[in-house]
Amino acid sequence: MPAPVASAHRLMYPAASLFAALAVPLWLAQIGGLLPLGWSPAIHAHEMTLGYALAVVGGFLMTRLSRPMLAAAFLSWLAGRLALLAGLPAALALPLAFAYPVLLFIVAGLPFLRTSRSGHNAVFGPLIGAFLLAEALFWASQLGLVQGVGQPVGLLLIATLLLTMGGRVIPAATAGALRRQGITLTQRVQPRLEAMGIAGAALCLLSAATGLLPLLGGAGAALAGTSALLRLARWKPHRLLRQPEIASLHLGYLCLGAGWLLVAGAALFELPPAAGWHLLGIGALGILASAMTIRTTLQREAEPERFPPAATVAVALMASAAALRVAAVWIPSMPLLTAAATAWTLAQLLTAGVLLTRPRRARR
C-alpha cells in the first residue's frame, strides 16, 4: 500500500503568514528601542526572504511529500527561525538555518534540474539552488569572512523568482478570466521579454553578490523592471479590475516591475536603496504571496477561486503597507513606520485566517 502523501501548502502557507505577522512588529520594536533583540538590518532582510518568502515557495512547490518529510520540512524551517530569533551562537544557528534551504533544493530544485535541462522551465532549478548560495553569503558576512554586501541578495533572488514564476502563473490565470469574458489573451509568457528580464536580473544578482560593477547591476535591474511592466501591460489588466483574485496578481506584478526600477535608480541615479527593497519586499512579495497562497489553496482544495472579502482586504492592506513604507524612506518617521508595520501585520493575519479556515477537500 503506498504511503500517504500530503501537500505542504496547508502547513507552510499559514506558518509563513503568521511568522511574517510576528517578525515585522518585533523588528519595529527593536528599532524603536523597546525590545533589544540584537537583529541587524541584514538579519531582518534574511528573515523576510530566506525565512518568510522561502516558506511560501516551499508551500507552492512541495506538493507530494510523505508526512514524515513534510514534518521534517516544517521543523527545519521553524528551527532556522528560532535560531536567529533566540540569537544562538553561529556554530548552532548556521546548520539550523541551512537545513530548510537544503531540503527545499532536494525536494523541489533537483526535480527541475532532472526534468528541465532544456526548455522554458530550466531556470527554476538553478534559482532554487541559488538560495543556498544566498544563505552561505549571509553567514559569511555574519562571521566576518566577507565584507557585508550592499544589497540583500536573498531579496533579489525572490524578486527574480517572482519575475519568472509569476510571469508564467499570472498570464495563465489572466487568460482564463478573460476567456470567460469572451476575450482571447494572445500574449502570455512573451519569451523574449522574459529572457530580457531574466538576463537583467542575473546581472543585478551578480553585481549584488560580488559588490562589483554596480552600474552594470543597475542596468540589469532596469531591464528586469522594464520587462515586467511591458509584459503586464499586454495582459490587459484594465479588463479585470473588478476581479480581486486576478487584479491582486496584476498589482503585485506592477510593484515588482516598479521595485526593480527603483533598485536600478539606486545604482544609476543615487535614489535611496531602501525604496526599491521595500517595494519589492512588501509590494511585490507581500501582495503576490498573499494572493497566490490564497488562490492556490482554493484551487488545491477544489473551491471556487473567487476571493472571500477578507482576502481582498488583506491585499489592500498590503498595498497600503508598501506605500507607507516606501514613503517612510523619503520622510523618515516612526508614525509612518508604525502604520506600515500595522498594515503589514493585519494583512498577514487576515491571510492566515483565510488559509486556516478553508475546508480540506477530503472533509467536504
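Using N, Cα and C of the backbone, Cβ positions are placed for all residues, glycine too.
In TrEMBL, annotation is done automatically, which means it is predicted and not curated.
Here the structure is a predicted model, which means the values were calculated and not measured.
Per TrEMBL, the feature transmembrane segment maps to 12-31, 43-62, 92-113, 122-141, 153-171, 192-209, 215-234, 246-269, 275-298, 310-331, 337-356.
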Taking pairs 6 or more apart in sequence, does the count of Cβ pairs under 8 Å between the transmembrane segment (153-171) and the transmembrane segment (337-356) hit 3 or more?
no
So what's near the transmembrane segment (43-62) in sequence-distant terms, Cβ-Cβ under 8 Å and 6+ beyond its ends?
7-9, 11-13, 15-16, 19-20, 23-24, 27, 70, 73, 77, 80-81, 84, 97, 100-101, 104, 107-108, 128, 131, 134-135, 138, 152, 154-155, 157-158, 161, 277, 281, 285, 289, 292-293, 296
Other than its close neighbours in sequence, what residues sit by the transmembrane segment (337-356), given a CB gap under 8 Å and a spacing of at least six beyond its ends?
10, 13-14, 17-18, 20-21, 24-25, 27-28, 31, 282, 286, 289-290, 293-294, 297, 308, 310-311, 313-315, 317-318, 320-322, 324-325, 328
